[in-house]
Amino acid sequence: MTARRIIPCLDVKDGRVVKGVKFVGHTDMGDAAELAARYRDAGADELVFYDITASPEGRTLDYGWIKDIARLLDIPFCVAGGIRSVDQAARCLDHGADKVSINSPALERPELIAEMAARLGSQCVVVGVDSRLEDGEWVVHKYTGDPDARRRAGKRTLDWLDEAQGLGAGEIVLNCIDQDGVRKGYDIEQLSAARARLTIPLIASGGAGAPEHFKAVFEQSDVSGALAASVFHTGAIAIPDLKAYLAGEGLEMRL
Amino acid sequence: MTEVAVIAYGAGNVASVQFALERLGATVRLTDDPAVIAEAERVILPGVGAAGYAMSRLSELGLVEPIRAFPRPLLGVCLGQQLLFETSQEGEGVDLLGFIPGAVSRLEPAGALPVPHMGWSRLTRDRDDPLLEGVADGAYAYFVHGYVCPDGPATLARSDYGGPVPAMVRSANRWGCQFHPERSAEAGAMILRNFLQVAA
C-alpha cells in the first residue's frame, strides 16, 4: 500500500515564491528552494512548483531554480507551468525534477502526452486538469493561471481524463476550480467520478480548508494524494498536525 | 572521500542521485565512459522509463560489458534494479543484464490499486544486509514503477502493493532498490550512505 500523500503547491515567479506564505511573513516569500526545505522538514510527502506566469505568456522557461531545489530536497517534486515540448520537460528532469505537470499545452496538442511518455516514461508525466461544473456537466478549462486568458477547452472532464490516461499520463491532478480558494472542501463527487474512470493515481486539488476535508477526500474519493496551497502557506493547517490527525482517523500516513 | 560513478546514459534522473550522494559527502562523477566506469570505486546505475530504451542506450554507449564485468559494489536504482534481472516482459521482451535469474513483469496489483505504483510504501526486511543497517523495519520509501521484479532468493526487503514488491535485491556485490533512495528522506539517505561505506 501507499501512504496518502500531502502535497503543498508553491507558486513560483523567477525562482521566487510569491503569494502569502505566513511562516516567512512577506509578500515575496523568498527563495523557492528555502521554502521547499521548510515544507520538507514539516513532513510534506511531495511538492509541486507552479510557474504562475509561464503558460499564459507562452514563454520559454529558465528552469535554473529547479537545480537549487533538487540539491536540497530528499522528497519528490513536480514542476508545472509553460512546459510545451518534450525537450523542455527533459530539461526539467535533467535539472533534478522528478515529474513534470502539463495542462493547457496538453489540451492544445494531446500527442504531447504520448511523446513525453515515450521518451521520459509515464511515471514522470502528470496531467493537470482544471475542471468546473457547467450546465450539469464537468468541463475542462484552460489558461486558468490568468483570469483574462482563461476559457473553456471544449472537452468534458471525464472524457479528457480517459484520453490523457490512454495517451500515457502517469498521474492526474484534478483541480476543481469551483472549489478553488473557497476552502469549503474538495469536490468529493467529481473526484469520486474521476477515480472510478482512472487506473492511474489521482491527486485532488481545490477547496482544502480544514483537516476534515482531507479526511473526506481520502476516505470517500480514494485519491492517492491531496494538494493544497493557501491553507499551508497561511499556516492555517500545519502539516505535522494534519498528518497526525489523519493517521489517528485510520488513514495510512507517512509520519 | 568515497568516489562513485553514476552512469549517465539518457535514461534517468541523474541529477537527483548526484545531489543525494553529494549531500552525503561523496565525490560523484556522472559518466558514460566505459573506462571511467571500469575504474570507479563503486557504480550507481539509475534509470526511469522503458527497459528496452535503457538497454539499447547502454548498448550503443558500449556499457553493457563494462557493467557486467564491474567487480566492485554496484547499485541499480528503480529501473536500474530491474536491469539486474535476466529479461523484461516489456514490449516484445527485452534482454537485461542478467545478474539475477527471472523476468521483470507488468505490475498487476490485486484490489484494483492504481498503476503505476507511485508514492510512499513501507519496507519490510527479509534478511539483514549492510545496506539496511540503521534502517527501521517498516520505514517508508518513495516508489514509482509500473513493472515489478520477480520475488525470489535475491530479495532483501519487500514492499506490499496488492502483492509482494521486491523493494531491495542483492546478488553478490550488486544491489538494487526499486524505490528512489535519493527521494526517500532519511531511510533513503541511510541506504545510500551504507552503499558508500560497503567494502569496495
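Glycine too: its Cβ is placed from the backbone N, Cα and C atoms.
If you look up TrEMBL, you'll see B:17-196 marked as domain 'Glutamine amidotransferase'. Residues or ranges marked as active site, nucleophile by TrEMBL: B:C78. Residues or ranges marked as active site in TrEMBL: B:H180, B:E182.
In the shown protein chains, 25 other C-beta atoms lie within 10 A of the C-beta of B:H180 (active site). Around the Cβ of B:E182 (active site), the number of neighbouring Cβ atoms within 10 Å comes to 31. Taking a C-beta cut-off of under 8 Å and a sequence gap of six or more, the residue listed as 'active site, nucleophile' has these contacts in its own chain: B:G12, B:P46, B:G47, B:V48, B:V144, B:H145, B:C177, B:Q178, B:F179, B:H180.
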